[in-house]
Amino acid sequence: MDLLGAHVSIAGGIHNAVDRGVSSGCGVIQIFTQNSNQWKGKAVSPADAQLFRDKLTASGLSHVVSHDIYLINLAAAPGEVKDKSLIAFKEEMQRCAALGIDKIVMHPGSHTGDGEETGIRRICEAFDQLFAEVPEFTGKVLLENTAGQGTNLGYRFDHLKSIIEGSSYPTRFGVCFDTCHAFASGYPIADRDGYRRTFDEFDSALGIDKLMAFHLNDSKKGLGCKVDRHEHIGAGALGLEPFRFILNDPHFKLVPKFIETPKGDADEMDVVNLKLLRSLVEG
């Protein structure tokens, strides 16, 4: 099973994402289900949902995950941003249920100066509300580790653990591990020893079975920079070795892996980056 793929565009209709993934050589795809820079997304019509499902079945793609829009901040204080965030994530869950997508990747959010403990509590409360309000979404939310910019939460594994354990629905969560974000937040995954120590820490905090997706991105900046800037595979500060480690780690053999690297014209760089990653697989 090919578990390497990319984030692909839904321009022209959500079903077009399937075609773009196939043409780029993806075995799996990640999508936004709406415009990522707008609060309000369109509901998916039954016809559009069926077309997406039919194309997906015919495509041979083994996994599709959604990524929530960047505007959402479930750690926000009560007010307009929090209200809009709850509505937007609820609509995301509803669209994914209609499309048959069972995993939503999301950035935990920013406490905006109110403190990490407060922000984490707000996230837990938000998800308790959302899971109860959208029973038709029976899948999982994958919390993505972050680079540690500003007051963003999720840059340490214990943040993710606290969200999962603080929710009334702990089994509804997994983790999406972003290599660029991990490195930028201070996890030394670029060498073998640091890689082992990082995933030992992950296993101790969360359990390795909670890791349900990877974002494979190189980093433009160095270890601990707290800057989220993705680079082509092998062209940044990470180099090729951490990707080789992940792709040949038996723990992650069945975990889907998505690139979010610069696209180039007509997505041709997705083809280049995926080809390079596949060349690192041993045996």
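Using N, Cα and C of the backbone, Cβ positions are placed for all residues, glycine too.
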Candidate from H15, H107, H230 that Swiss-Prot assigns to the same Zn(2+) 1 site as H67, E144: H107
Site-mate of E144, H215, E260 for Zn(2+) 2 in Swiss-Prot, selected among D68, D83, D102, D178: D178
D228, H230 bind Zn(2+) 3 per Swiss-Prot; candidate in H159, H181 listed for that same site: H181
Binding-site residues compared (E144, D178, D228, E260) - highest count of Cβ atoms within 10 Å: D178
Neighbours of H181, D228, H230 excl. site residues, C-beta within 8 Å of centre, Zn(2+) 3: T146, A147, D178, C180, A184, H215, N217, S219, V227, R229, E260
Env. residues of Zn(2+) 1 site, Cβ within 8 Å of mean position of H67, H107, E144 Cβ: D68, V105, M106, L142, L143, C176, D178
